[in-house]
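All remarks here apply to the structure that follows.
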């Protein structure tokens with residue numbers, strides 16, 4: 001039997017901010033495979049397949065238009081109901097998807113992480129790209145409605161900022177991923193937190209200007225949207241596309257500050273926990 005030569009490599013302990021981004025770039029094909037896997041598994045053995053991506057927000061838009069627009073008579077700053085509620089639903093669903101995927105990161109991938117080595121950061125990144133794929137499909141339908149209403153003479157005053165819409169997507173993705181990873185780091189030890197988070201996410205939508213404009217909020221409750229980091233990007237999206245709505249610079253900076261802080265803290269916790277969480281799950 002031939003002698004086997006082994007090489008022992010001793011490396012210093014990884015720093016908290018060492019995210020091994022070079023390895024992530026080297027494994028970019030794996031990110032693509034994860035995105036493809038998630039997309040195929042989600043719509044496998046369904047009759048309508050990816051059409052559900054637009055059917056679900058459309059049904060939600062119709063329901064919100066009836067309940068909040070007609071029954072509750074909540075105004076939309078002159079924006080057609082379809083555009084107002086569809087865009088809000090689309091953006092919130094995107095944020096919630098990024099958050100939910102990240103918050104279940106360690107639990108859902110425990111078996112995979114325990115079997116083979118690969119840069120763990122590829123998983124949350126692939127989750128974000130999966131949700132980006134979905135929102136771009138929904139965004140295309142929004143553009144169809146948008147062009148229709150412009151041709152119909154609806155009072156829509158979009159600006160050149162509409163071409164910067166990917167920044168809104170990146171903003172929401174970073175926020176959802178950051179907060180989600182923080183929650184995921186906690187749910188590996190405290191499983192009850194997962195149930196609480198699901199409940200809280202459902203309530204959080206109504207503390208965000210998804211089904212109502214910020215202008216309809218009484219001044220004594222305006223602080224709720226000010227400290228809610230999801231409110232600013234959604235309201236800013238409507239301002240860019242419809243010319244309706246209002247958001248202060250202070251609110252935008254606060255939201256961006258919270259987003260950066262949550263993403264930074266999430267990545268630090270991820271880097272700290274991804275090496276030993278398998279012993280806890």
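Positions of Cβ are set from backbone N, Cα and C atoms, glycine also.
Of all ranges given (8-32, 83-107), TrEMBL attaches the label transmembrane segment to 83-107. Sequence-remote contacts of a segment are chain residues at least 6 beyond its ends whose Cβ falls under 8 Å from one of its Cβ atoms, and for the transmembrane segment (51-71) they are 43, 81-82, 85-86, 88-90, 93, 134, 137-138, 141, 211-212.
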